[in-house]
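The structure appears below as structure tokens.
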């Protein structure tokens, strides 16, 4: 990084390091000035003018001092930075507004009471019934999806050859892309056939369908990381393949498999659409997932938003429930990643 | 690898063909056979589920479509209570495609830029934490995005709408009649924000796999950072970015709650992106389900079948592109 004073014949001339900031400051000042002069009020216009001036200024100055190629490089750099900052704004706003508005009503009472005697537009009530329903539905879905997913992954990695394995791989991939509402409609179409009323376990089935491919994918990746030497050593000792898988392959990759399952749980815990179709929602506590409508946390958020006709109390509850849900998902994520790091197989890479 | 050497029956001088075959297949012990059966069974179960989804949806959809008095694909109404019932998916198909196009047009360039930022521009110490945060953002449930979109994003859109109307209103697609900004444009922007993390994640993985040698070779020839990206990184990562975008598109097409909370739906097509109205497949199912009759539900299932087929095609295409480069399979990274 030469300063303007050093004249080198080996390097082209370079702008000083502070030049982007200077150009940025200059263009903002000019943009504001022009906006005032032209009597513009929208802050978007101000930003747009300043941004345009910045890009043109950078390009012009750099092209003069450093040459066209360097100028393009500088413009690309600033565009990439702008894209990053642009994306940060909504994402920060999302997290901030959820936390700031969520803490208003989030307390012990909120977590331990249902909406039993509270109508949607008055304050009070809580999410106990929703947490209970969510936990039950997600747990049942995990009980179904995790074994099937792990076994399928074992089949694909340890046994899978030929057309069946190829078909399974392809459809697992395609299955990851099924919209959650379609999974809900599938279970719904079965329920319509048998004339069933909505109940919690139906939601679990739809969630399990969404969860399976995720578990298969992540478990597959983990099993592939297990070095072949381990399998060969075990088989060479005369141990049958199934015991090799159970006693050598799985223990080696158990950390990664657990992580994958937890991430999948985090994903389905936030699904609303299938629950809306199949579990229906309930403002009372229903601890039995096999009979009667239940509540779930994401569905609770939606219903508080949609059924309240703009009542502030309901919005507050929706935000608090969102905060709870995000906290649950984030903790699952963090713990899962922690396990992954802690139990990572030593692959010698 | 070959356990059958020990398992095989005592070597007879001339093993029969059947014996050779059994030996070649490996699984001879009961434990092995049970385990293979279990794991293969779960694989087959997955295929059965996929087939069952297609069959059941098609069956219910055929019931609905046979009772439909309007053309299911071109009708501009959704009146399942009417006698005779009339409903069609034209508006939904239009809305789904338009909102997804807006989302893709906004999200893909920004996501690619962020991925480049994370691999080539960001200060080295910040790369890990930022990537981690984006990973976490991909896990934020869609209903939370929906709530945020409806209560925070929508009120903030008025300024942008007014500005677009002032300067681009003459194009027709950006004219605004001062309605609440619960229109396709807001939906598209919200969807873009939602699919940003996943596209960024997958693109970043792809860019990280660019061979160091290619970049160093370009640098050694005196290329600037932008030229390195254009000559070495983008060509290498193109197929990966395309498939990442298709994954994002799949999400945008099937997104339910965020659209249902933000859009104020109607069963007609608005010429302007800024005027509220229209609908998407998933949103329509979620909003109409509550008061739907038996036929109404079947009709919604029929529209869900169309959505299922569309996402199947999009995802299938994405997988085909990925399959060319196996190591990009970070579908749920």
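Just so you know, glycine gets a Cβ as well, placed from its N, Cα and C.
Per TrEMBL, the stretch carrying the note transmembrane segment among A:1-18, A:109-126, A:199-216 is A:199-216. Ranges compared are A:138-157, A:218-237, and TrEMBL records transmembrane segment for A:138-157. Ranked by number of Cβ pairs under 8 Å to the transmembrane segment (A:21-38), the listed stretches A:44-63, A:75-96, A:169-193, A:199-216, A:248-270 are led by A:44-63. Against the transmembrane segment (A:44-63), stretch A:75-96 shows more Cβ pairs under 8 Å than any other of A:75-96, A:138-157, A:199-216, A:318-340.
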